[in-house]
Amino acid sequence: MTAVAIPGSKSITARALFLAAAADGVTTLVRPLRSDDTEGFAEGLVRLGYRVGRTPDAWQVDGRPQGPSATEADVYCRDGATTARFLPTLVAAGHGTYRFDASPQMRRRPLLPLTRALRDLGVDLRHEEAEGHHPLTVRAAGVEGGEVVLDAGQSSQYLTALLLLGPLTRTGLRIRVTDLVSVPYVEITIAMMRAFGVEVERDGDVFVVPPGGYRATTYAIEPDASTSSYFFAAAAVTPGGEVTVPGLGAGALQGDLGFVDVLRRMGAEVSVGPDATTVRGTGELRGLTVNMRDISDTMPTLAAIAPFASGPVRIEDVANTRVKECDRLEACAENLRRLGVEVSTGPDWIEIRPGVASGNGNGNGNAAEIKSYGDHRIVMSFAVTGLRVLGISFDDPGCVRKTFPGFHEAFAGLRGRLL
Ligand SMILES: O=C(O)C1=C[C@@H](OP(=O)(O)O)[C@@H](O)[C@H](O)C1
Ligand SMILES: C=C(OP(=O)(O)O)C(=O)O
């Protein structure tokens, strides 16, 4: 058995930082993810005047239910969409003037449905350049609360941001959602709000959040399930290869652990225990058609191993992967083509035919440089392809820092044990 220690969940760390900052009292986050996204989030809080104490294994946050202590601040959100969407929402409940900006990549990503909903709730929020994009300024004077309509068909993070805001409003929020992707991420939000003392009620399309604020707590962060997908996929493409991720089992909060069900359908042996998950490659990898609307961060992982399946792999209902760190459908297609794989895409799907070309015309067998598009998931996914295809390299291997700075070392360690 090969046990792999996976760093903490990005999504859980970001939510825990928001909740801790807003809670009454001191919160300890145990085993938070230390990566560009989550360190950027924590630094954003520090710029806003929150006290965040960081040791390698635990972060401590002094909560301020009344909002940021800084009455003016500039916050740089880097590439992190959770930072860029959650922090402007957090400050709305305080009092002051806060300017937010983000990296060129994050500036391109949308947030208009969220900022429109905040304005509908009376928040003075201005986009400084392009409407619906960073940079933006919030002139905060608290939020009364009430009812708001939200289209979360592009990103569930809009809904998560509003849910997290709910208890910080004076009368609570009723959020009516007209469309919603990535539902399991909303379930993470609701479960974590419960751990900080708030019960969200759901009545069909309406989410009801009571006022009253959060209670500080000690919160242990699960290993990241999306990151685990690369290690599980590595086992699945290696006959007899076995990978166990401790800390992610049947009670895990993250929907992305469902990626192992896709591997099971393809022929891998999967066991989900109470506190660990194991995937074993059987030598069989069948093609399939799969809807990944709920677990779309693992779409590139599947696309990158799809050429090794015995039949076509078709991934459906993943339109919103076009507005992530890059257009992931086209990025996957481009890189698979570089490997000589036959692939087609549509507005919300990708279909990959079996087989990697034995040569790509440059005399180097399968060698190809993968175009990273500054997207950590493209690099980590095609690293798995590299277990079976010789000579894969990356134009920007370092972009894994967004969620897993130590990825290449960890993956090389696994490679040595699997092959
Ligand atoms: O709320 C979150 O932490 C996340 C939600 C998902 O985004 P979308 O809801 O935009 O699909 C996911 O892709 C992202 O990596 C993290
Ligand atoms: C889409 C992602 O990140 P975010 O939206 O949080 O920037 C991701 O990590 O795959």
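Cβ coordinates come from backbone N, Cα and C, glycine included.
Computed from a predicted structure; not experimentally measured.
Copied over from TrEMBL:
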type	residues	note
ACT_SITE	Asp297	active site, proton acceptor
BINDING	Lys10, Arg109, Gln157, Arg328, Arg377, Lys402	phosphoenolpyruvate binding site
BINDING	Lys10, Ser11, Arg15, Ser155, Ser156, Gln157, Asp297, Asn320, Lys324	3-phosphoshikimate binding site
DOMAIN	4-410	domain 'Enolpyruvate transferase'
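Positions of TrEMBL features highlighted on the structure.
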residue	record	DSSP (3 states)
Lys10	phosphoenolpyruvate binding site	helix
Arg15	3-phosphoshikimate binding site	helix
Arg109	phosphoenolpyruvate binding site	coil
Ser156	3-phosphoshikimate binding site	coil
Asp297	active site, proton acceptor	helix
Lys324	3-phosphoshikimate binding site	coil
Arg377	phosphoenolpyruvate binding site	helix
Lys402	phosphoenolpyruvate binding site	helix
C-alpha spacing of Lys402 (phosphoenolpyruvate binding site) relative to Lys324 (3-phosphoshikimate binding site), in angstrom: 13
Listed binding-site residues with Cβ under 6 Å from ligand 2, out of Arg15, Arg109, Ser156, Arg328: none
Averaged pLDDT score, the domain 'Enolpyruvate transferase' (4-410): 96
Residue pair Ser156 (3-phosphoshikimate binding site), Lys10 (phosphoenolpyruvate binding site) - Cα distance, angstrom, rounded: 15
Pairwise Cα distance for Arg15 (3-phosphoshikimate binding site)/Gln157 (phosphoenolpyruvate binding site) [Å, integer]: 11
Nonlocal neighbours by CB distance (under 8 Å) for Arg377 (phosphoenolpyruvate binding site), same chain, sequence gap 6 or more: Ser226, Asp297, Pro300, Thr301, Lys324, Glu325, Arg328
Those binding-site residues in Arg109, Gln157, Arg328, Arg377, Lys402 whose CB falls under 6 A of ligand 1, listed in sequence order: Gln157
Number of Cβ atoms other than its own within 10 Å, given for Arg15 (3-phosphoshikimate binding site): 28
Surrounding CB atoms that lie within 10 Å of the CB of Gln157 (phosphoenolpyruvate binding site), all protein chains: 25
Least buried by Cβ count (within 10 Å) of the binding-site residues Lys10, Lys402: Lys402
